[in-house]
Amino acid sequence: MFTISISNHSSSGFVLTGFTGLKVDDLWVSLPFSIIYAMVFLGNCMVLHVIQTEMSLHEPMFYFLAMLALTNLSMGLFIQEISLDSCIAQCYFIHCLSLMESSVLLAMSFDCYIAVCNPLRYSSILTNDNIRKIGIMILCRSSLLIPPVIIRLKFLNYCCPHVLSHSFCLHQDLIRIACSDIRFNSIYALALVISTLLLDAVLILISYAMILHTVLAVASREERMKSLQTCVSHICAVLVFYIPIIGLTMVHRFGKHLSPLVHVLMGNVYILFSPLMNPIIYSIKTKQIHRRIQRLFYLKAA
């Protein structure tokens with residue numbers, strides 16, 4: 001399953017590794033993934049539909065959630081059978097969407113910080129105009145920082161055997177088999193990760209440290225719980241995004257001796273776990289969305 005040949009101008013081709021060699025019928029492997037892809041599509045479309053049709057959800061927090069759902073929806077819809085150029089394009093979109101999701105999560109942490117620490121100025125700070133500006137900044141940041149390192153992949157020569165570790169293209173996987181000088185790719189990619197994903201994670205932690213400091217200063221336990229409840233969904237979304245990234249990084253760095261199946265599995269977790277879990281998290285933990293979905297299904301059943 002998912003074994004794909006990719007033509008290359010300087011080689012006989014690449015092979016993207018999938019769940020090959022398993023002693024089970026392909027149906028039992030492909031069926032769960034088909035169900036997961038369907039759930040990713042339907043779940044994120046449901047969140048977008050609810051936010052669009054429910055006027056009470058036209059607020060900053062839900063605008064950011066819509067951005068997150070769009071990012072997750074795009075992440076789950078990349079193609080499988082591709083040429084070399086399409087592989088590089090896929091690599092760009094995967095990394096771009098990951099950076100975009102990180103940026104949206106950072107914006108959502110800022111939303112939580114303002115809502116808890118400075119609620120009286122919430123509506124004046126997070127205006128529709130400012131949200132549009134934040135959205136444009138997220139899009140520009142995600143789409144413009146990636147091309148230098150991705151375009152370079154087109155001009156590298158690749159060593160035999162041309163076997164990648166996953167059923168899709170990743171930058172770190174392509175440079176692993178490159179015979180050319182990869183210093184630019186390695187240095188730029190490391191600087192990019194530090195200045196984006198790592199920086200976002202640090203800023204999110206700082207925002208929650210300040211939120212926790214504000215919440216602990218509240219005298220009433222009930223008010224503390226109410227304040228923290230507004231951020232529970234976001235904390236879960238942060239965890240389901242960063243844990244797979246850390247896991248995949250550890251596998252690439254220290255798991256060279258592991259079975260190829262582990263690499264493929266971790267790669268698919270990286271791609272699918274966050275898009276799958278976010279609609280579930282926000283449907284359960286966010287009362288406004290939960291009630292709207294209940295009403296939606298109640299009306300259809302009636």
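Cβ atoms here come from the backbone N, Cα and C positions, even for glycine.
Noted in TrEMBL for the protein shown:
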DOMAIN    43-282  domain 'G-protein coupled receptors family 1 profile'
TRANSMEM  27-50  transmembrane segment
TRANSMEM  62-80  transmembrane segment
TRANSMEM  187-219  transmembrane segment
TRANSMEM  231-255  transmembrane segment
TRANSMEM  261-282  transmembrane segment
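Against the transmembrane segment (261-282), stretch 231-255 shows more Cβ pairs under 8 Å than any other of 27-50, 187-219, 231-255. The domain 'G-protein coupled receptors family 1 profile' (43-282) scores a mean pLDDT of 86 in the predicted structure. Sequence-remote contacts of a segment are chain residues at least 6 beyond its ends whose Cβ falls under 8 Å from one of its Cβ atoms, and for the transmembrane segment (27-50) they are 1, 19, 57, 65-66, 69-70, 72-73, 76-77, 268, 272, 275-276, 278-280, 282-283, 289, 292-293, 296. Panel annotation: around the transmembrane segment (231-255), residues 68, 98, 101-102, 105, 108-109, 112, 116, 165, 172-173, 197, 201, 204, 208, 211, 262-263, 266-267, 269-270, 273-274, 277-278, 281-282, 285-286 of the same chain, lying at least six beyond its termini, place a Cβ under 8 Å from a Cβ of the stretch.
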